[in-house]
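*Asks:* Sharing the record's features from TrEMBL:
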COMPBIAS  512-524  compositional bias 'Basic and acidic residues'
REGION    1-24  region 'Disordered'
REGION    491-524  region 'Disordered'
TRANSMEM  33-53  transmembrane segment
TRANSMEM  65-91  transmembrane segment
TRANSMEM  112-136  transmembrane segment
TRANSMEM  156-176  transmembrane segment
TRANSMEM  188-210  transmembrane segment
TRANSMEM  222-241  transmembrane segment
TRANSMEM  262-283  transmembrane segment
TRANSMEM  303-323  transmembrane segment
TRANSMEM  358-380  transmembrane segment
TRANSMEM  386-404  transmembrane segment
TRANSMEM  416-437  transmembrane segment
TRANSMEM  443-462  transmembrane segment
Amino acid sequence: MTDGPRQRSSTAGSAKDGDKESGGGGVALKKEIGLVSACGIIVGNIIGSGIFVSPKGVMENASSVGLALIVWIITGIITAIGALCYAELGVTIPKSGGDYSYVKDIFGGLAGFLRLWIAVLVIYPTNQAVIALTFSNYVLQPLFPTCFPPENGLRLLAAVCLLLLTWVNCSSVRWATRVQDIFTAGKLLALGLIIIMGIVQICKGEYYWLEPANAFEPLQDYNVGFIALAFLQGSFAYGGWNFLNYVTEELVDPYVNLPRAIFISIPLVTFVYVFANIAYVTAMSPQELLASNAVAVTFGEKLLGVMSWIMPISVALSTFGGVNGSLFTSSRLFFAGAREGHLPSLLAMIHVKRCTPIPALLFTCLSTLLMLCTSDMYTLINYVGFINYLFYGVTVAGQIVLRFKQPNIHRPIKISLIWPVIYLLFWAFLLIFSLYSEPVVCGIGLAIMLTGVPVYFLGVYWDNKPQCFDAFVDKMTYLGQKFCVVVYPAESSSSGSGEEGEEMKEAMSPLSKDDGDNHKSADC
């Protein structure tokens, strides 16, 4: 984590060589993500294994079927409001990196670095490791029908899944988005099957738990604390709604496709979540649903008979696509962080021919493989889940701050401030409840995040590092370039070309002037 400019000068020759090798026009991240792939990234990252395996967290805390469905609807609406705020930020600050880039440009380098630090250290490696382990569990389960698959076998298959998808992402952006499109379509078809079966059940008269008198029959006494926890669980289930903002610079016509993909995807996911839960209670009582460790599998066993194998395969396919989407977007976050001088500059380089951020992808893969070797990843997720949610609110608050700091900046989309205020009120309610109900867990999460403060001042803020350290970093960067065959992207290409590129540069420049950290200039 050293300064961008110093490293940039030491590798300038390599960059020029790469420009020549790629045809003289420089290399840059390609704009290959269209509207369908953009929707695939959002839907594929939100819908993981949760809706298939354990949608019971909301039901358990809401205490009734009716209230659980209301929670799913309200959290979907709040997620849509948050996504609307991110849509404005995404076209106002048209940089890859999502909330990291927005927090950094609005609140300064330290705030942005802390967002990046917690993502690099815990959030993405643990989430990807857990999704990969879920994939391997559902693939191996049929081979071990009477017992649990061996732990080492699960971790080995999860590692193979990660390595395969990292290779796909390193090879081609188009391949990665095609994989995402196919597996997102697969999981939507599986959920569509569940919803259709639920409609058939309703037509047969199996809607006892959907009748108002029964839907609100409490499984336990209603409790404000438990209901708040249900909303928190519902909000976590929609996690991933902001991932498209991490790849803004690779979107075709981002001013149009970013908001359009958000407006299509979030209502679609909300519809699927609500109606999948309705379908579940047409075949299972709330008690059966809460007792099941894999709700979709139990649902399939009850209604599909000999075809019940479809559900575990659907979960495996869903998680495989989830790993791909997470690798794709998280590598762009690390790429953006390195470009701003907050991570080693090697991570801000792309392959001279494939135009993919290979060092960032390898770094993402390696950190996830390391997480697979520890048994504490689930504990770490609990600790930092609160921090992840904290930064959603900080980012949306930044939208309001930006309205006053830069009132005249070009905003292709400008929403009413009532929307970020509504989101922040809901966010503050959940945040305060989290602190009240689990102060130790939240405190440890904050402590993990704050370990990034000394790292920031030593690695980023401190300019005059020892010459031997700079020489070592330059040498490692050069070796990394040779090994991965990567160079810095061309300065102007990734922001688009022609008129669109000029608009993007104009939108980004006012913020850059205000940021004291921005002497580490953006390369893409």
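Backbone N, Cα and C atoms are what each Cβ position is placed from, and that goes for glycine too.
Note: TrEMBL annotation is automatic and uncurated.
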*Asks:* Test the contact criterion for the transmembrane segment (443-462) and the transmembrane segment (112-136): 3 or more CB pairs under 8 Å, pairs 6 or more apart in sequence, then answer yes or no.
*Replies:* yes
*Asks:* Residues of the same chain, at least six outside the transmembrane segment (262-283), with any C-beta under 8 angstroms of its C-beta?
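*Replies:* Long-range Cβ neighbours of the transmembrane segment (262-283): 35, 39, 42-43, 46-47, 51, 55, 59, 65, 68-69, 72-73, 76-77, 79-80, 83-84, 86-87, 188, 191, 194-195, 197-199, 201-202, 206-207, 209-210, 237-238, 241, 244, 289, 295, 299, 302-303.
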*Asks:* Could you tell me what the rest of the chain brings near the transmembrane segment (386-404), counting residues at least six beyond its ends with Cβ under 8 Å?
*Replies:* 82, 85-86, 88-89, 92, 99, 102-103, 106-107, 111, 115, 118, 123, 235-236, 239, 242, 417, 420-421, 423-424, 427-428, 430-431, 434, 438, 441-442, 445-446, 448-449, 511
*Asks:* Is the transmembrane segment (358-380) packed against any residues at least 6 beyond its ends, judged by a Cβ distance under 8 Å, and which are they?
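*Replies:* Sequence-distant neighbours of the transmembrane segment (358-380): 120, 122, 124-126, 128-130, 132-133, 155, 158-159, 162-163, 166, 169-170, 327, 330-332, 334-335, 338, 346-351, 480, 484-486.
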*Asks:* Could you check whether the transmembrane segment (222-241) and the transmembrane segment (65-91) come into contact, where contact means at least 3 Cβ pairs under 8 Å with the two residues of each pair 6 or more apart in sequence?
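*Replies:* When sequence-distant Cβ pairs are counted, the transmembrane segment (65-91) touches the transmembrane segment (222-241), since at least 3 lie under 8 Å.
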*Asks:* Can the transmembrane segment (112-136) be said to touch the transmembrane segment (156-176) if we require at least 3 CB pairs below 8 Å and skip pairs under 6 apart in sequence?
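*Replies:* Checked: the transmembrane segment (112-136) vs the transmembrane segment (156-176), in contact.
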*Asks:* Which one of these stretches, 33-53, 156-176, 303-323, 416-437, has the most C-beta pairs shorter than 8 Å to the transmembrane segment (188-210)?
*Replies:* 303-323
*Asks:* Of the listed stretches (65-91, 156-176, 303-323, 416-437), which one yields the highest count of Cβ-Cβ distances below 8 Å with the transmembrane segment (33-53)?
*Replies:* 303-323
*Asks:* Counting only pairs 6 or more apart in sequence, are there at least 3 Cβ pairs under 8 Å between the transmembrane segment (303-323) and the transmembrane segment (416-437)?
*Replies:* no
*Asks:* Mind checking which residues reach the transmembrane segment (156-176)? Cβ under 8 Å, same chain, six or more beyond either end.
*Replies:* 29-30, 32-33, 128-129, 132-133, 135-136, 139-140, 250, 320, 323-324, 327-328, 331, 351, 354-356, 358, 361-362, 364-365, 368-369, 372
